[in-house]
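To keep things clear, I will list the structure first and then write my remarks on it.
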Amino acid sequence: MLLTILDLVGIAAFAASGAMIGVQRRLDIFGICVVGVMTGIGGGIIRDLLLGIHPPTSLDTWPNFVTALLTSLVVFFAHPAVKRLAIGVVGLDALGMGLFATAGAQTALDHGAGPLAASLIGATTAIGGGVLRDVLVNEMPLLLHRDLYALPALLGAITVVVGSELGFTANTALVVGTVIATGLRYLALLLHWNLPTAPGAGP
Amino acid sequence: MLLTILDLVGIAAFAASGAMIGVQRRLDIFGICVVGVMTGIGGGIIRDLLLGIHPPTSLDTWPNFVTALLTSLVVFFAHPAVKRLAIGVVGLDALGMGLFATAGAQTALDHGAGPLAASLIGATTAIGGGVLRDVLVNEMPLLLHRDLYALPALLGAITVVVGSELGFTANTALVVGTVIATGLRYLALLLHWNLPTAPGAGP
Amino acid sequence: MLLTILDLVGIAAFAASGAMIGVQRRLDIFGICVVGVMTGIGGGIIRDLLLGIHPPTSLDTWPNFVTALLTSLVVFFAHPAVKRLAIGVVGLDALGMGLFATAGAQTALDHGAGPLAASLIGATTAIGGGVLRDVLVNEMPLLLHRDLYALPALLGAITVVVGSELGFTANTALVVGTVIATGLRYLALLLHWNLPTAPGAGP
């Protein structure tokens, strides 16, 4: 129950980030909803494609879709207010990222993926929606060049895989993995951590 | 039989729109064919990936592939003439969109998708080729910011799903859905309908 | 054994090309690894999605992933040296292209794909990683507008399919197809072959 609620919180946060970019690009209401919904449920769809879950869960689950759609509509009509909440959105997004990374890794393990595949698919679940969003609006994916984002997602997914190998319960691994992923992301945001670029790549 | 012919008409219209953009970008003949073929059969491939149909039907069906390829070659050699027919191409494209949306929704229902998934997958079948085309040539997908395109596709797909729930035959639902989707698209083109952008998003 | 080694050589060459572009775009170390790994194993992932192999082999195979990751890290730390080897990288990339095209077609045949699907999926395996790389860094895919690249890949895949129809052993078809694809690519590079653009498309 808690997981379902947190999952919807993550979807809403991702959808809000997608819809905000749609507003900035002056898309129409339908385009904003498309980008918002794809950002909210896109990571889960990619996960299900990789695991062979047909049709993808999020396409067949009303709460997931409705949450993403309603969030996009709220952003459309109230984007100035949502913008003032931007720190809240970034915070929710970090929570969603952690949850998606760990839940994605657990789903992959449940479907027979090995440890490497489960780690990579978990991270992909967390970052897939944002990559879809950026490709759709024709920008280089943010995760490739700003902030520490994909690394915490990968660490959260790895935590679940290692926890499973060590015999921890799924719930324990999910909580610990999410705390690690989301916490690391918060720290990176607070302390402006960045990873190095290549030495001597020029200005 | 009629459906097969109309399906190929839709593939040809989509392929022509993709190849025309390839010509404008001065791609070579092979690049034009790649963009044309991907635009023509890409929506069906995405549909099959979502439904777990392996390998995707359009990759394994000569008429679909050959139609898309020949259309691309015709555009390559005769693009000025095709350009003069542009209104015809837009009209065929609207017909293809309606057909793909309804046939995609029906295929999804046939493969066990629920009503939400069938509606979304139907719309995705109709718009997927165009999105692939725009991502390949590095443009923001047209459907996100111009004309009423994706909404008619979604309504056509929903018509098929509702018709199936109400017990109509698949053929009836396909015809009614296509008339609704394609008709709405024609009206939007004729009357220059657009959806609103977000209030106060600034110029 | 030889095939496995050559397969890893191909992954390394593709990963190097992806990581080099990441360095040029001044991505951070993680972004460079993401682009490098996706370029190295992306073609195989797309092939497996099209064939319904879940989870994709390359996500679940340590040598493939580690090869792509280590290559990306080498490029990160030693990109000036790698750049001086650029002709070597292009050569390895041509070898990888040929190997992926033929091995992809053979894998498709082994999974029940028909001759058309096997040819198209083989070519997709060879060019998919490069397309992912270019979409990720927000560029129009190189294969669409430069050099003869996708056509040799398609010919290599077709060779495997025709060889299978004619009753040749898989190994023979793989070798002949790779020689054709890679050899044609080398010739195109040496002789600066290009395909024509559309007549009268304007300057």
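A Cβ is built for glycine as well, from the same backbone N, Cα and C atoms used for every other residue.
Annotation comment: TrEMBL describes B:5-79 (among others) as domain 'Glycine transporter'.
As annotated by TrEMBL, transmembrane segment applies to B:6-23 (among others).
Listed as Cβ neighbours of the transmembrane segment (B:30-50) (distance under 8 Å, sequence separation of 6 or more from its ends, same chain) are residues 11-12, 14-19, 21-23, 56-59, 64-65, 67-69, 71-73, 75-76, 100, 104, 107-108, 121, 124-130, 132-133, 136-137. TrEMBL lists B:30-50 (among others) with the feature transmembrane segment.
Per TrEMBL, the feature transmembrane segment maps to B:62-78 (among others).
Annotated transmembrane segment per TrEMBL: B:85-104 (among others), in sequence order. Here the transmembrane segment (B:85-104) has long-range neighbours at 3, 6-7, 9-14, 16-17, 20, 43-44, 47, 121-127, 129, 149, 152-154, 156-157, 159-160, 173-174, 177-183, 185-186, 189, meaning same-chain residues at least 6 beyond its ends whose C-beta is under 8 angstroms from one of its own.
Among the features that TrEMBL reports, domain 'Glycine transporter' is placed at B:92-162 (among others).
Sequence annotations record features per position, and here TrEMBL assigns transmembrane segment to B:148-168 (among others).
Per TrEMBL, the feature transmembrane segment maps to B:174-195 (among others). Below 8 angstroms of C-beta separation, residues 3, 90-91, 94-95, 97-99, 101-103, 105-106, 126, 146-149, 151-153, 155-157, 159-160, 163, 168 of the same chain, each at least six residues beyond the ends of the transmembrane segment (B:174-195), sit close to that stretch.
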Number of helical, extended and coil residues in the domain 'Glycine transporter' (B:92-162), per DSSP: 57 helix, 0 strand, 14 coil
Spatial neighbours of the transmembrane segment (B:62-78) far in sequence, C-beta under 8 Å, 6+ residues away: 4, 7-8, 11-12, 14-16, 18-20, 22-23, 29, 32-33, 35-37, 39-41, 44
